[in-house]
Amino acid sequence: MQTDLALQNHKNLSHSSVSRANGDRLRDVFNKYASVERNGDQFMTPEDFLQSYLGLYNEENANPKTVKMLGSILDTSKDGLISFMEFQAFEAVLCQPDAIYRTAFQLFDTNGSGSITHDEFEEIIKQTTLQQKIPFNFKSDFMGLHFGGDRKRTVTYSEFSQVLHDFHEEHAVQAFKIYDKTKKGVISAMDFSYIMLNCKIHLLSEYVKPNLVAVAGGGTGGHLVTFPYFMAFNSLLNNMELVKRIYLSFTKGNLQLEMTKEEFLYAAQQMSQMTPLEIEILFHLAGFLHQRTGRVSYIDLERIAPYRPTRYLSKPIAEVKAVESPADRGFGTQILESLYRFTLGSIAGAAGATVVYPIDLVKTRMQNQRAGSYVGELMYKNSIDCAKKVIRHEGVFGLYRGLLPQLVGVCPEKAIKLTMNDFVRDKLTTEKGEITRTSELIAGGCVSSHAGASQVMFTNPLEIVKIRLQVAGEITSGPKISALGVIRELGIRGLYKGSKACFLRDIPFSAIYFPVYAHMKLNFADVNGHNSAPSLLISAMIA
């Protein structure tokens, strides 16, 4: 793990360096740590790369053979030195999706032939601490199947990646056989923990490690681990990303919901062939991470899943949380959340109002339809005719007459509605992440009833000012109408005409809109519970 993180830092540094002045900074870094000069060229030794550059194996008792062996990963020419070209080529390897396997291949390919022999594979494995603790049997059928019965067949990079993958499984199985001293297909809980902490350490999260002995054997109350349980435990940890997909598919992306064992078993059969034993282990292990409820949450899955460096980088930003659960939020966090929602609501309200404002102006003009010069003649034949006449007589910007007052009002209006809806939904959502249909309707209704005061306070006056300005273009004679002029003319009381009707309109609207939008998003979400921009747009349109 320490080497993985160091190599990741090297990748980040060199990748950013290449983009600056065609690798000049990468050259500077190389020259800084290179200690050998030949014919005017700088070279790194394995010690320069491992100990000075990556900062690994600086202990006094560090094994020089290990340092040389790891340094040979970059030394493709196998001359004992690392040139700048080799250093730069290794950076390119780290930028590949299969960087871990390619790096391992260069480590095992000790003679640089482009393929790996049985002897090379055995030589590297014998240098590992795992081999010292749990010896691997190189005379097993596993080695014969991969390298041939005479051990003369070599494996290419693609084949090596599978060999290395299968090796971890085979080593664990051999370890089980070693500790199954009675040959009855069972080992003790302590032996199970020892094998996992050595052969499968890469699959163990910091939450799983201390619970290995406790979870051993399942919920039977015994302290023996059978071979089927051992294999199922490893299979579960190997497939935790699939487990997450099953959860997200069932919950439609709702990370707060908790699933029962029966629900998970049903969902798993729709997507994969997870065995009931694997699911039993999953829920048994989750029970040690929090209070036993017989349910599993997404937080449990994150805690059980093996560490991945890109786990949080691949998350949508909306899923990045300051705390693990709503109950952990302090007053300051809640204030920041409200400000975040208020800002998003303001931006959304302003964008929406600007886009549809020309349509709103045409609607207002049509509603305020007046007779023409002749009896029975209408000013506008239809909406399209209205839009054409506005553009002809008032210009394109005539379609946006009165937009500023609308923006002044719609930003706080939408922001307050969205903030209030999220706030009330949070309060009505259970600890299991569930919210009833009735609660959703109440949350939507509360948006208008609680936000009604602010609606009446400044949105209604601005709505009246906006309408007056929208129809002002129809009046060709008389003084020019402005927002301040309308306010002076109507006075305080006049600005609040129609507020009751507006209030009665918004309560059922919000009670319907917000629950429908929430459910439409769930219906249009992908298998990971994420919504694309088109799915969000369609959900909003339907709502």
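Cβ coordinates are placed from backbone N, Cα and C, and glycine is handled just like the others.
As recorded in TrEMBL, the features of this protein are as follows:
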type	residues	note
DOMAIN	96-131	domain 'EF-hand'
DOMAIN	167-202	domain 'EF-hand'
REPEAT	336-427	repeat 'Solcar'
REPEAT	439-523	repeat 'Solcar'
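Across the domain 'EF-hand' (167-202), DSSP helix (H, G, I), strand (E, B) and coil residues number 26 helix, 3 strand, 7 coil. Only residues 6 or more beyond the boundaries of the domain 'EF-hand' (96-131), in the same chain, are considered here, and those with a CB under 8 A from a CB of the stretch are 4, 7, 11, 65-66, 69-70, 72-74, 76-78, 138, 143, 147-148, 151-157, 160-161, 163-164, 167, 171, 198-199. The average pLDDT computed for the domain 'EF-hand' (96-131) is 91.
Helix, strand and coil residue tallies for the repeat 'Solcar' (336-427), in that order: 74 helix, 2 strand, 16 coil [DSSP].
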